[in-house]
Amino acid sequence: MSHDSDDKTFPYQKDDAELRRRLTPMQYEVTQHAATERAFTGEYTDTEDAGIYKCVVCSTPLFESGAKFHSGCGWPSYFKPLNGEVIDEKVDYSHGMVRVEVRCNHCGAHLGHVFEDGPRDKTGLRYCINSAALNFESRPENE
């Protein structure tokens, strides 16, 4: 699923040649063509350090470690984004399913999908995000 046919315009306009140079092949395919990394292979699946997860394309802060939980699905999971402005959600009809795609609201990078099977004592949502779409910035818990 490529974002080429998408009508939404995002504030950060990406240069494809620059992205191909800067990103790994997996990061490029995930963020620009909505590929999915294999379950349990992502760099941040089991990361428990305190910090912020940012968009690998534009460095927009997306999720904080306090919202991360172990869902057992094989991808980093969060019960909420950093705030309501950083995520764009779009219905995804690919692969014979109906899901909600999650994209960076600043650059349009594909991040993953959101499902309604997250922790009931929090938001009830599970943002299932590809590690390849993220960069992690470690920081002390009290910041």
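Cβ coordinates are placed from backbone N, Cα and C, and glycine is handled just like the others.
Just so it is clear, the model here is predicted, and its values are computed rather than measured.
Over in Swiss-Prot, the protein carries these features:
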ACT_SITE  CYS128  active site, nucleophile
BINDING   CYS55, CYS58, CYS104, CYS107  Zn(2+) binding site
DOMAIN    16-139  domain 'MsrB'
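The Zn(2+) site, placed at the center of the C-beta atoms of CYS55, CYS58, CYS104, CYS107, has further neighbours from the same chain whose C-beta lies within 8 angstroms: PHE10, TYR12, THR31, VAL56, VAL57, SER59, THR60, ASN105, HIS106, GLY108, ALA109. According to its DSSP assignment, CYS107 (Zn(2+) binding site) is coil. According to DSSP, CYS58 (Zn(2+) binding site) sits in a coil region rather than a helix or strand. Per-residue confidence over the domain 'MsrB' (16-139) averages 96 (mean pLDDT, predicted model). Calculated from their C-alpha atoms, the gap between CYS107 (Zn(2+) binding site) and CYS128 (active site, nucleophile) amounts to 19 Å.
Taking each of the binding-site residues CYS58, CYS104 in turn and counting other Cβ atoms within 10 Å of its Cβ gives the largest count for CYS104.
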